[in-house]
Every structure is written in C-alpha cells, then in structure tokens.
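Below: one structure, written as structure tokens.
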Amino acid sequence: MLLGVNIDHIATVRNARGTTYPSPVEAALVAETHGADLITMHLREDRRHIKDADVFAVKNAIRTRLNLEMALTEEMLENALKVMPEDVCIVPEKRQEITTEGGLDVLAQQDKIAEFTKILTDAGIRVSLFIDADDRQIQAARDVGAPVVELHTGAYADARSHAEQIRQFERIQNGAHFASDLGLVVNAGHGLTIHNVTPIAQILAIRELNIGHSLISQALFLGLPEAVRQMKEAMFRARLLP
C-alpha cells in the first residue's frame, strides 16, 4: 500500500506569518526520504495554503510522484498542463469551506469531467476523481474515463459513534470492491489518522492513502520523519492482519 503525504499545511504555517518558512519543498523531500511514496498538494482557487510557485518547485525537486488536487475549473486545468504532475485528482471546492466537505458529484457534471479527463489523459497525466463511496458515483467515474477514484473517508473519520464508524467503514469497503471490480484503481483519504487508519488500510482493494493534516499535526511533536515512518508502519502492519 502506498502513502501519499499531503503537505498543504506546511504552507498553512508558513502563510500564517507571511514568511518563506517552513518550506513545502523541504517537507516534501523529508517525507520522501522517510517513506512517502508520493507527494500530494491541493492548489485551491483562493490559494489559502499552497501557492502556484510551490507546486512548480515541489514538482522539480521530488523523486517520486506529484499528485495535484484541483477544482474543476479552466484555470486549474491550465495550471495542471503547465506543471505536468504525474497525477491530478479532481476535487469539489467551495471557497467558504474549511476543508473539502464531500465527494465530487460526477453524475451532475459528467460532460465537463469527461472533457477534463480526456485533456489531462492525452497530456500524459493520470486522472483521479475524489468521490464518495457511492456505486452511482463510482460507475459515473468509470463512464467518464477516469482510471482512478479516491474514496472520501471523511464520514468514517468523523463518525461520532462506533456503530456509525462501522457503517461508514462498510460503505467504503463495499465501494472499494465495486470500483476494483470495474477495473478502477482505488485510493482513499480525508481525515485519516494514526488512530483510525488500520481498518481502511486493511481493505485490499485500496492501493493508496493520501494523508496530510494529521501527519503534519503529529510532526509538531514527533518530527516529520517519525510521523511519516509511524504512519507507513501502521499501514504496513494493517496489511498483515487477518
């Protein structure tokens, strides 16, 4: 199982004081050195954390893959074609939200998503769609030509009871198997922590987890190398469980 380290909140800390540090590039390189299989960055329309220059700098510096999260807009499409990341994950975006609140509604935007997917694919960029674990959305993702889906784990991570968490886990598990049976590559992410990652990492249909906020939070106390190492170890151990 692969670990994508999202470094958005390195930029959040930097931007809080308008300094040049901490450096997203340095964070990306440290994460790579200590177990990250790819680096994820979300270039939001309001540039609240990652800036355009960060994306170019990280793409030029890293040795693994860059997974660029972006909204379904012409501006972001143009940026992606300039940066040429290995992967683009199309996500829903609202300016007033604190973080991404739900999955992309592929059914409601099939034509536009299909158009963006073809343009990016023709440029050699692999496209992923960040969606809820809903069979209709998963089928729509396949129909528009996306080879990858990233299942939104936020409802699982934020569940307020054990029963609700189990319900959300089963939804993700079923969605992952459905997507895999359709021939899609399945990733997952959002709200995952060292404390809740194990059940998700046990789902063999899921190939990659993208984790950011909790990793950066842990890094405040452990250091980024140890935070990445512990997460990767937790994922590895989960795969060994019966």
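Cβ from N, Cα, C; glycine included.
Straight from Swiss-Prot, the features:
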ACT_SITE  H42  active site, proton acceptor
ACT_SITE  E69  active site, proton acceptor
ACT_SITE  H190  active site, proton donor
BINDING   N6, R17, G191, G212, H213  3-amino-2-oxopropyl phosphate binding site
BINDING   D8, H9, R44, H49, T99  1-deoxy-D-xylulose 5-phosphate binding site
SITE      E150  site 'Transition state stabilizer'
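The structure, with features from Swiss-Prot marked on it.
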residue : record                                      : contacts (Cβ under 8 Å, 6+ apart)
D8      : 1-deoxy-D-xylulose 5-phosphate binding site : M41, H42, H49, I50, G212, H213
H9      : 1-deoxy-D-xylulose 5-phosphate binding site : H49, G212, H213, I216, S217
R17     : 3-amino-2-oxopropyl phosphate binding site  : none
R44     : 1-deoxy-D-xylulose 5-phosphate binding site : I50, A71, E93
E69     : active site, proton acceptor                : T40, M41, H42, L43, V88, C89, I90, V91, F130
G191    : 3-amino-2-oxopropyl phosphate binding site  : T153, G154, Y156, A157, D158, H213, S214
TODO: Tell me the Cβ neighbour count for H49 (1-deoxy-D-xylulose 5-phosphate binding site), meaning other Cβ atoms within 10 Å of its Cβ, over all protein chains shown.
DONE: 21
Open item on the list: Counting only residues 6+ away in sequence within the same chain, which have a CB under 8 Å from the CB of E150 (site 'Transition state stabilizer')?
Closed with: C89, S128, L129, F130, I131, V186, N187, A188, G189, N210
Task: Pairwise Cα distance for H190 (active site, proton donor)/N6 (3-amino-2-oxopropyl phosphate binding site) [Å, integer] - done: 10
- [ ] Provide the number of Cβ atoms within 10 Å of the Cβ of H190 (active site, proton donor), excluding the reference atom itself.
- [x] 26
TODO: Between any two of N6, R17, G191, G212, H213, the residues recorded as binding 3-amino-2-oxopropyl phosphate, what is the biggest Cα to Cα distance in Å?
DONE: 26
Task: Structural state of E150 (site 'Transition state stabilizer'), classified by DSSP into three states - done: strand
TODO: Using a 10 angstroms cut-off on Cβ to Cβ distances, just flag whichever of H42, H213 is the loneliest among these recorded positions.
DONE: H213
TODO: Name, in the order they occur in the sequence, the residues of the same chain whose CB lies under 8 A from the CB of N6 (3-amino-2-oxopropyl phosphate binding site) and which sit 6 or more residues away.
DONE: I39, T40, M41, H42, G189, N210, I211, G212, H213, L215
Task: Count of other CB atoms lying within 10 Å of the CB belonging to G212 (3-amino-2-oxopropyl phosphate binding site) - done: 23
